[in-house]
Each structure stands twice: as C-alpha cells, then as structure tokens.
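Quick look at what TrEMBL annotates:
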- 62-80: transmembrane segment (TRANSMEM)
- 86-109: transmembrane segment (TRANSMEM)
- 130-154: transmembrane segment (TRANSMEM)
- 195-215: transmembrane segment (TRANSMEM)
- 222-244: transmembrane segment (TRANSMEM)
- 264-281: transmembrane segment (TRANSMEM)
- 302-326: transmembrane segment (TRANSMEM)
- 346-369: transmembrane segment (TRANSMEM)
- 399-421: transmembrane segment (TRANSMEM)
- 427-446: transmembrane segment (TRANSMEM)
- 458-477: transmembrane segment (TRANSMEM)
- 483-503: transmembrane segment (TRANSMEM)
Amino acid sequence: MVRTNVFANLSARLRNSQDDNKAIYYLKRFAIRLGTRKTITQLQDEADQTNEFKRTLSTFQLLALGIGSIIGTGIFVLSGEAAAKYAGPAVILSFIIAAIVAGLAAFSYSEMASMVPISGSAYSYTYAKYLAWIIGWDLVLEYLLAAATVAVGWSGYVVHFVETVSKHNATRLIVEAPVAWSEESNTFYVTGKVINLPAVIIIVALTILLIIGIGESAKINLVIVIIKILVVLLFIFACCGYTHPSNYSPFIPPNEGSFNKYGITGVLHGATVVFFAYIGFDSVTTTAQETKNPKRSLPIGIIGSLTISTVLYVSVCAVMVGIAPYKTLDSPNPISEAIKGTPHGIWLPIIIDLGAIAGLTSVSLVSLLGQSRIFYSMAYDGLLPAIFAKVHPRTKTPWVSTIIIGAFCAAFAAVLPLGILGEMTSIGTLVAFFLVHISVIIMRFTHKDVPRGFRVPLGPWVFPSIGALLCLVLMVTSSKETGIRLGVWMGIGQVIYFAYGFWHSKLRNSQQLEPVTGFDNLGTELGEESTKNEYVAEMDVFNEKQL
C-alpha cells in the first residue's frame, strides 16, 4: 500500500514536470515568434525590388518636405500657449531644449534612413517585429493626431483672417470643438459647439490631393514652404525693432506652486509642449521609396530641414515675447496678437495669417502623407489588413490607406480640442525617437559591416544615449493624463496585434523550421505532431550569435 502511494506520487510529480516542460517549451516558441525580425538584406531587397512607388523626389524636394512638415502649429499656435502658461519669456529656452532633443534624434534617423532606405520610418528600423508593431502603432498616434492638431490650428487662423478682413464674426457653432478639457477638474466637458467644420474641410481637401500623386503634392508643398518662410522672415525683420527689454524680465518667472507653472520645471514642460514644433522631419523618411537617391538625400533632408527650422523658431520666439507681455500670448494666433503692439498692427497680421494658413496646410499635408506610408509598410508585412497596402495602378499612391486615414483624421479634428491633440502627438513622437536611438546602438553592434551613407558622430553611445535619456526626461514632464491616454492607446494596439497582426505576419508564416534543440530535447520528447506546424523566426532570441 505504501509502495503504491509512493509510485502514485512519483508518477504525478513526473506528469507535472512534463506539463511544466511543455509550458516552458511553448513559452519559448512564443517568445521566438515575438522576436521575429527581417534582416537588413531583406529590407534593402524590398526597397530595390518590390517598390511599387515612383521615385520622383529630389534632395531639394525632400528638404522642402521636411521644412513643410516642421514649421506650422508649433510656432504659429503652441508657442504662445507655452509662453503664457508654462515658461514665460524662457519659451526661447524651451524651443532650444526641444531642438537639442530633436537634433539628436535627427542624427539617429539619418543613420537608419541611409542604411535602410525604405518607407515606414521608425517602424522599419526597429529591431524585432513585435517592437516594430509597437513603434508602428505609436507612429499612427503621432502622424494621425499631428495632422488633426494642425487642422484645428489651421481652422483658428482661417477664422481670424476672415474676421479681420471682412469684420464678420464667424458662427462659433461650426468652427470650434464640441468638447474641451478642464485643467481644474481634469475632465472633458461639452462646450455647446457642434463641429470644427474648417478643420474637416482642409483634411478632406488634402486627402484628395494625396490620392492624386506624390509628385504633384511635393510641388504644391514647395510653393507653400517658400511662402511661409518669407512670411516668417517678414515678421522677424518687421518687428525686431519694437522689442522692449522689460518684456524679457523676469526671463524665467518664479514657479507658482504647480510643477508646470513657470520656473525651471515650467521651462521643461514648455519644451514638451513646443516639441510638437519639431515633429515632421522624421516624415521625410517615410518617402524613402519615392526618392531618387535615398541614401544621400534622406540625411540631407532630415538634418537640413531641422537646422533651418530651429534658427527660424528661436528668432520668432525672441521677437514675439519681446514685443508683447508673455501672459497676453495665450491665443490660437499668438503672433498676430503680439503684432498688435507695433505700428504694423493693421496690415502685418493679415499677411501673417495668410502665411500661417499656408504653413499649416503643408504640415498637415506631410503628416497625412507619412501616415499612409507607414500603414502601407505595416500592411505589406501582414500586420494590418492587405487593403492598407493597395496601390493605385495609375497614381502609384496607397489610395485606400489615404482615404481611411483621412476619414479618421477628419473625425478627430472635428471634435477634439487643440491642447489634447498636441500633447498626445508630442508624447507619441518622444516614444518613437527613444526607440530609434536604441535601434542605432543595437545595429552598430549587430550589423557593423552594413554600408551607411551617414553615421552618428562620436560613435554609437554618446549622442544616441543622451538623446534617449532626454526623450525620457521630456516624457516624464508631460501631464499624468497624457501618460494615461498613451497607455490606453498602446493597450488598444496590443489587442489589435495579438488578434490580427501576430497571426497574419508574413515573416512569421514564411519560414518553417525543425523542432528546437538543445533544450532538454523537448522537440523530440513532445513528438513530431506538436511541432509539425511550428514556424520560426530567422533569429532565435535565446541563441543569437551576433549578440
């Protein structure tokens, strides 16, 4: 009887051990699949052999696309809010801090773009396919809400321009968001408005333009970029002689008790808010497969557009806070408000409004362009339905993807307020920049010999590490509510990935492999049937020789 109990207990323990081994085995298989990634060779072959787009963009057009996507809402709209609520005259420092973070990211983007010249931006550069999905879903947040944010800012300037020229007050029911966010109660509330109709109209118009073709869109963007640069320069030189030293004092207003209300922490939070101003240079990388010479042109377009935009930003802020007290700048059109204190208060605001309208148009155009190309890359890999990768036979544009994105963007712009859209776009971009920095560090060790048209100066550790750290600092200084919204968005992305993307991934389903060996011979112990339909990644994350 005792012997029977001993054997029964031993048998039960062996069965439990076998069950544990099975669980470990399948967990390992699952982890391997999450670690699936494409080789650099595969990505380069895709760029060269499977390109359905027309290569029409020159270096100059890429530079214009970068400037077109950068100079917009950040300077024409959010600069005033950052000065009035968070940083005071030190909004100049906020722009410089944000420029440093963006500049370090530009180095990393340039290296990755010159090594992997393929549409998809940071999505295509991320090391493993599961991480690629995370960054791809994050980029959806960045580009989609960026276009919506800019459309809302565009609406504000159009309304101001119409009211200035015609002396007719627009009906607020159809030009403002029906909901807003209360900073006191941290809740949404109904404003009594119906829809932001001008924002919807501009998104629909730009969506149609993008369906027509990338070459036509780039030419129109170039004209718009020239107009808005001339307008920005006009403001700087026309108003720089009317600055008052008293408006710069105190340069950093003392903190008023709240973390974000002035002081050093207010300057940092201001940098997080105006960081939106630098969003866009990375959209240059989404056009890699439509560029004539991507390895040379992409780094020039990325770094060049960011450098030119930074010089203009700092100059505009220095003049703006110098001609008007910073607390008066909390306006949807702060530059026009600041001009009222100068002798140019009649004609110059009209020109500024026109320049802002043109500038915001180009930013929204490039944001929608980048979003559709990212969806194309994700659908091409099987992580999204194939309809997102459908390219029009005549215009050679991902027209279905563009229409769907335009519809969602128009919906967001119609109902959401500017502040919520802007903060969500900024934090989404910071996450993307952080992961690109990490990718540069990893790639320098795992793919040392891959040719690069551009290398981050001082090796893989200095600039990428500092850039990743600064991204984390700015993310920490964002509001708690923004962090929660980001978490919810990323959670939705995980549901979509494991419900669809994981099972339809072309890379996961393209390679069959023998049972895993060297792990207690589990491949044999569990039998051929359990591994007959198993698929494998090209890289076994538990035995990566390169690492």
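A Cβ is built for glycine as well, from the same backbone N, Cα and C atoms used for every other residue.
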Considering the transmembrane segment (195-215), which listed stretch of 62-80, 130-154, 222-244, 483-503 counts the most C-beta pairs under 8 Å:
130-154
Quick one: do the transmembrane segment (458-477) and the transmembrane segment (346-369) have at least 3 Cβ pairs under 8 Å, skipping pairs fewer than 6 apart in sequence?
no
Tell me, please, if the transmembrane segment (264-281) and the transmembrane segment (399-421) are in contact, taking contact as 3+ Cβ pairs under 8 Å between residues separated by 6 or more positions?
no
Counting Cβ pairs closer than 8 Å, which of 130-154, 302-326, 346-369, 399-421, 483-503 has the most of them with the transmembrane segment (222-244)?
346-369
Stretch contact, the transmembrane segment (483-503) with the transmembrane segment (130-154), Cβ-Cβ under 8 Å, 3+ pairs:
yes
Mind checking which residues reach the transmembrane segment (62-80)? Cβ under 8 Å, same chain, six or more beyond either end.
91, 95, 149-150, 153, 156-157, 218, 221-222, 224-225, 228-229, 232, 273-281, 283-284, 287, 291, 297-298, 300-302, 304-306, 308-309, 312-313, 316-317, 320, 329-335, 337-338, 356, 359-360, 362-367, 369-370, 418, 422
Which sequence-distant residues neighbour the transmembrane segment (302-326)? Criterion: at least 6 residues beyond either end, Cβ under 8 Å.
62-63, 65-67, 69-71, 74-75, 79-80, 83-84, 88-89, 91-92, 95-96, 99, 102-103, 106-107, 109-110, 113, 229, 232-233, 235-236, 239-240, 242-244, 247-248, 253, 277-278, 280-282, 284-285, 334-335, 337-342
With a cut-off of 8 Å between Cβ atoms, can you find at least three pairs linking the transmembrane segment (86-109) to the transmembrane segment (399-421)? Only pairs 6 or more residues apart in sequence count.
no
Would you say the transmembrane segment (130-154) and the transmembrane segment (346-369) are touching, if the rule is that at least three C-beta pairs must lie under 8 angstroms and be 6 or more residues apart?
yes
Residues from the same chain, set at least six apart from the ends of the transmembrane segment (130-154), whose C-beta lies under 8 A from its own
34-37, 72-73, 76-77, 120-124, 177, 196, 198-200, 202-203, 276, 279-280, 283, 332, 356-357, 360-361, 363-364, 367-368, 370-371, 374-375, 377-378, 381, 383, 405, 408-410, 412-413, 416-418, 421-422, 424-425, 428-429, 431-432, 435, 486, 489-490, 493, 496-497, 501
